[in-house]
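Taken from TrEMBL as is:
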type: ACT_SITE; residues: B:80; note: active site, charge relay system
type: ACT_SITE; residues: B:155; note: active site, charge relay system
type: ACT_SITE; residues: B:179; note: active site, acyl-ester intermediate
type: DOMAIN; residues: B:26-453; note: domain 'Amidase'
């Protein structure tokens, strides 16, 4: 049987650390990155007898803010539940999470290609400690124990992993725009889990799901998400092809072999014995409170892109500024615009000049003056005639790239565009340059 | 003057203030009493004699130097061994926590320390407070000072026995359902269960999180009011603690009058097959309220057996979860050291919470809990207070409880509804039956401690049953 007969079904769980000063249920610092193990702990996050959790208001607010950005329904009544399982990194024998009444339910996000990702829920919980397996010993660092963790769960709506990666990147950017978290994947502030199953084309047409799912745990980069899902898809198709049904289980991605491997189950039978956390009163949010959260909603990345487009900036350029450069650049760029700089020219400088980004890092004044200088220095020269001259010159000086393009290697045009941009000190619109070069060749 | 260890808090405070005696003398008197009688009563798991004397010396210095404001300065007390005490072993009466020394202080003991009280020792209890006799302590059984062949009640039996035997000026216990009021009744002292959330649970080894309420065990109602004033209040470390302002319970108590108030007598609380003489002792005490100007009226409350069913499910469920942290991996001893009762409760609770049974047990119990709360609220629309016997009979003989697998629940039948509903209640001595103390349980709505203490104080002043004390041998 061929691979194409089988279709991927993919759902995501995104775990992220909101940027708050304290842990979720105690007053320990949540600034754990690079800290000496077991130095940021207290009776609460160590699970000592008699210690009690007190929920962090800011974490609740940030979760609701994210829910609002993703068009979730914000529950007016919400509560925490205890999720029981035994594992050395879980000091109380249960994790305080949300089960029946999460903070946010439903919601959706539209990707750039138009695909709408439906969400199941967003809830708040506490992170567990970190285990290190050294030789035959297991060492545990409780600094991470009790750090607030927002969990976003999508419905199993993805049929390809590219959409899933796009979704993650988009969510990551929204989180950064709303300053909900830094979501630095290298620091473990954003972690992914993929629920993968496979179905036939007929099932896909009938909108039927497979009777199982395989959960790939702890994916810490978008690249690994892609690799892990593809590897798992292929594995499951092989299982099907051999006449069996893949079993429901947790698997991990082995970066070295590029394959997923079965993980020892945390509990033999998954019965988390959820019940309402009696140490924390149920939460109720009135309209005034929720209006306060709504007022924290800022312009979202897609809204910024639209705004730039309406100024005449090309969609690709606007997306580069907003999605690739992020909030800091958007803020500085907007400041420059406010001071009267030309939007299109400034935007083109931004996407073509890496030093601009470095300048941005040094502060808004520096960026502003640099933008100003570049525009002044180039705008005079950049009439149509001059640009045509520069293009001719570049084509002449790069016969190999021109030859490659003519042989069908369309990638080489990017190089030529880059050369033109360099010559014009970023003063040209790369889309225009590309068109002109294509015309000439 | 009576021996110093027999003093109440208000008497001891007065004496210290007037320099009639020192805190050191007070502590020494208690320690002497302990060394004379604890061999028989066995109230203490840990004694802090040296530290207590050291603190007493400091207290005397503070008393002699300046006008001091600490309300309990130099007054020795005992504390149930489920309150975390920094640097002092805290076992919750269990082998699994034997040798466990907490690195932090419970809010209650911290507040008492800040108020100047001196901890004499940590007292015996049913392991993890799972019991009503103090017989299920993993270490040893505590006896009743009135009759060493009987149990003191539980689970705060060690503290109750120590107060009853004048080994201290006051004691601290915790009640989930009857664990303060029960032993207070059987030991002939006063036991106050505050409203759930009035006193912080932070640092108290959890039994049933949704009902645990720390409370004082004292020789008088006034003493209970004094201690409550110190330990009550909102706590940033306990999300279930109430931010309501703490009242001046002593002042309110003194200006209180029962005149014109309605006192409810729930028939179902008297028809549980109590022995005739015992029942009469309780009934007679109701007449006191009439004499004091209140009207005693019959009211209907749900049959207390429903409270037992609800409490058993909810409490076991919470226990199974709360004890999950005791793995023996990081602190405490191996799980094999769990006692029989703890294991029984964990298994029952895990079963009640497991998939497929949650709806039938836990969820249903929560719904009935709401009914029990409504039942009490309705009653409190008609009456100011509700009274009934604290226990269904006098203190049992040691070993008798082993005949019943749900012994605790049977003994706590009359206090469980109030515990489940989170309201406040107090057990005060209301006479003797077969020469053993009988307790009257007075209950008031949530956060109506001032009214409750006022009524109990008037009752006590009028009857003076609190002065009946055991003669120790």
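One is the number of the first residue shown, and numbering goes on along the chain from there.
Placement of Cβ uses the backbone N, Cα and C atoms for every residue, glycine included.
What TrEMBL annotates, mapped onto the structure for a quick look.
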| residue | record | Cβ within 10 Å |
| --- | --- | --- |
| B:80 | active site, charge relay system | 34 |
| B:155 | active site, charge relay system | 37 |
| B:179 | active site, acyl-ester intermediate | 38 |
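Mapped onto three states, the DSSP output places residue B:155 (active site, charge relay system) in coil. In this structure, residue B:80 (active site, charge relay system) is part of a beta strand by DSSP.
The residue listed as 'active site, acyl-ester intermediate' is 5 Å away from residue B:155 (active site, charge relay system) when you measure Cα to Cα.
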